[in-house]
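First the structure, in the form of structure tokens, and then the observations on it.
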Amino acid sequence: MQRYEQEYWDKNLSIIGLDEVGRGCVAGPMVVAGVIFPINYENNKIKDSKKLTAKQREELFEIIKKDALEVVYVFMSEEEIFNLNPKKASKTGMERCLDLIKSDVDLVMTDFEKIDTEKEQINLVKGDQKSISIAASSIIAKVVRDQYMDNLSSKHPEFGWDRNKGYLTKEHLNAIFAYGITDFHRKNFEPIKSILTTKNNSIN
């Protein structure tokens with residue numbers, strides 16, 4: 001899993017991996033995370049967060065926080081996603097993570113996105129399946145966001161956010177029609193956008 005890092009670790013270069021979670025949700029924020037591991041770090045259990053169970057992610061979350069030189073994450077709000085669009089919000093979140101780190105890194109590895117930085121960067125397609133640093137970032141972002149949505153669900157249990165995490169499941173869609181749209185829903189995402197347009201047209 002660290003084969004992309006190893007070439008640079010062999011040159012004694014430090015690396016930060018960056019990834020986001022929640023880009024395709026219709027409710028809740030996007031979370032972007034960054035992880036810096038010690039040079040030559042190994043852990044065969046770390047992989048793309050989507051290929052892990054919730055329990056495995058939570059266990060690795062604690063291991064990554066303990067083993068990493070630095071872990072950072074940021075929330076990109078529903079409003080920011082609306083104003084920037086999901087792709088730009090992802091890039092902005094990655095750039096904010098770089099601003100937060102205290103360590104001096106030589107190389108930035110991202111999951112696909114090219115970001116605004118003077119540092120050398122590698123943008124890997126499906127990077128969370130190829131780089132241990134990016135995979136670890138995806139785990140951090142996923143666990144942080146899931147915890148946030150679980151907490152949000154306690155305030156709005158009707159939407160089942162503890163189960164769907166803000167993705168558009170049948171349960172979530174039915175709840176939107178039954179209970180309406182909250183401030184936590186992304187107003188420019190379908191079907192939210194169409195529902196609001198229809199509602200506004202009927203009012204007018």
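From the backbone N, Cα and C atoms, a Cβ is placed for every residue, glycine too.
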Record says Asp19, Glu20 bind divalent metal cation. Source is TrEMBL. Which of Asp104, Asp106, Asp111 does it list for that same site?
Asp111
Counting other Cβ atoms within 10 Å, pick out the least crowded of the binding-site residues Asp19, Asp111.
Asp111
Excluding Asp19, Glu20, Asp111, please set out which residues of the same chain place their CB within 8 Å of the center of the CB atoms of the divalent metal cation site, keeping sequence order.
Leu18, Val21, Val32, Ala33, Ser90, Met94, Thr110, Phe112, Glu113, Gly127, Asp128, Ile134, Ser137, Ser138, Ala141
